[in-house]
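TrEMBL has this to say about the protein:
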type: TRANSMEM; residues: A:28-45; note: transmembrane segment
type: TRANSMEM; residues: A:51-76; note: transmembrane segment
type: TRANSMEM; residues: A:97-121; note: transmembrane segment
type: TRANSMEM; residues: A:133-156; note: transmembrane segment
type: TRANSMEM; residues: A:168-190; note: transmembrane segment
type: TRANSMEM; residues: A:242-261; note: transmembrane segment
Amino acid sequence: MRPLQLDLAMLKILKYSFYDLIRSRWSYVYFLFYLLLGFVLLFLNNDVSKAIITLMNVIILLVPLIGTIFGIMYFYNSKEFTELLLAQPIKRSSIFLGQYFGVAGSLTLSLVLGLGIPFVLYGLFKSDAIFDFTLLLVTGAFLTLIFTVLAFNIALSNENKIKGFGYAVLLWLFLAVIYDGLFLMSLILFKEYPLDSFSLGATMLNPIDLSRTLILLKLDISALLGYTGAVFKKFFGTDQGLLISMLMLVLWTVLPIWRLVSVAKKKDF
Amino acid sequence: MIHIEGLHKKFGKNPVLSGLDLTINKEGVFAVLGPNGSGKTTLIKSILGMVVPDKGTISVQGEPIKKNWKYRKEIDYLPQIANFPGNLKVRELIRMIKDLRQSPSDEDRLIALFKLEPFLDKKLSTLSGGTKQKVNIVLAFMFDSPLLILDEPTTGLDPASLIHLKELIREQREMKKTILITSHIMQFVAEVSDVIVYLLEGNIYFKGSIEALKTKTGQTDLEHAIAAIATRPSHA
């Protein structure tokens, strides 16, 4: 069967990209960082819920940054190898999807193991926080998938490495920092107008804000929810809000993957 | 084997191939030569499907290559720059390519020929440029495809390996294969190739044997003939 064979080629490329990456020094550093962070937060804080909030603040900024940088560097570094793969009897989509899931997979593994080990040792399975913690990891995995594919897209469209790297870091800076600033400013500027749908839309359009809202909705900490979170909660209720923000994260992942594949099909290498 | 008709390719506003026609329908070693920027790499990459032509058709073994990827089973390719995932071992890289192609291969003979056994369990990032090129050659020669494309195969090789490479090319020719080579080393080209395909400004300027080229340019060695061909007006 044809489709099955295509998937096999992709899985093989995924497997070897993954092998290559989990042996790199940076994967260990990334893993050890989370391991250390998890231990320090849990055993100094002694409070799983507080640890989860602190972790959320770290994950929401760090995961996108690392996903962006790893994604862009991997793509540029494997340029010649990609060319060798392009000359093999494989579909282009298998090559790029395989490499992409290899990168995103190894980063996600560092995150899940690095945070998972201390939490399990602390006795997570006996605690009520297990769902909150799982949601945190799922969100982290989504942010890895999203920012790695955004970086792959930028690298694919920019032959010039310096430019590509610059755009990728700017994208992170924009979504992680500048976006919130602009958002707040517009809330203040237009405070006389009804802003509910505006702030809902603005949150949906930024995967980082979306993740933050998602986790805070689940944790149900109104004090930390902020204006958007409150609107979200009022508008959708907690469950529907969770569902919709999860759906948006899926869209944020699927659409760039689709663009990656369709641009790669037409590109000259 | 390879049939190309009216191939056009522009990069931005810069035309690289302009209506190139080329038919290669017999075995032998074909050297694709030409000054820098004449379109050699673009031609090779078009045959491999890495570059998408603006106009024109290419078929390999009678199969049109547009929107097709299976025809690449018939081609072994040696890329110009050998750069592999740094944290994989040589053995794993060979296994990966075998895994992807799913064709019979005889890598052990080539590994022995280039004395690569001590490197099999080394990470690719620790290898020297010349050793990487030997791995590259093993990857290209270990399958038995009817068409071979070698892009600057001599890069970084020591004299002993260069001799092995030439032997390998001769061996493949005797197996009735078609081999496309690009190289800037004329001595190497003179030694291994049967036919010269000379590109100039995106078109085929000369195609024929080395002897024919020498007669045409009135030169006694290939290097001077190649240097002369671009400067003399053509009578062809």
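Cβ atoms are placed via backbone N, Cα and C, with glycine included.
Unlike curated entries, TrEMBL annotations are predicted automatically.
Under 8 Å from some Cβ of the transmembrane segment (A:242-261) lie the Cβ atoms of residues 92-93, 96-97, 100, 139, 142, 145-146, 149-150, 152-153, 156, 204, 207, 210-211, 213-214, 217-218, 232, 236, all in the same chain and six or more residues away from its ends.
If you look at the transmembrane segment (A:168-190) against the transmembrane segment (A:51-76), you find at least three C-beta pairs under 8 angstroms, all six or more positions apart, and that counts as contact.
The transmembrane segment (A:133-156) makes no contact with the transmembrane segment (A:28-45): fewer than 3 of their CB pairs lie within 8 A, with pairs spaced 6 or more apart in sequence. Beyond the ends of the transmembrane segment (A:51-76), by six or more residues, the same chain brings 17, 21, 26, 30, 37-38, 41-42, 45, 99-100, 103-104, 107, 111, 115, 129, 132-133, 136, 139-140, 143-152, 154-156, 161, 164-165, 168-169, 171-172, 175-176, 207-208, 211-212, 215-216, 219, 221, 224 to within a C-beta distance below 8 angstroms of the stretch.
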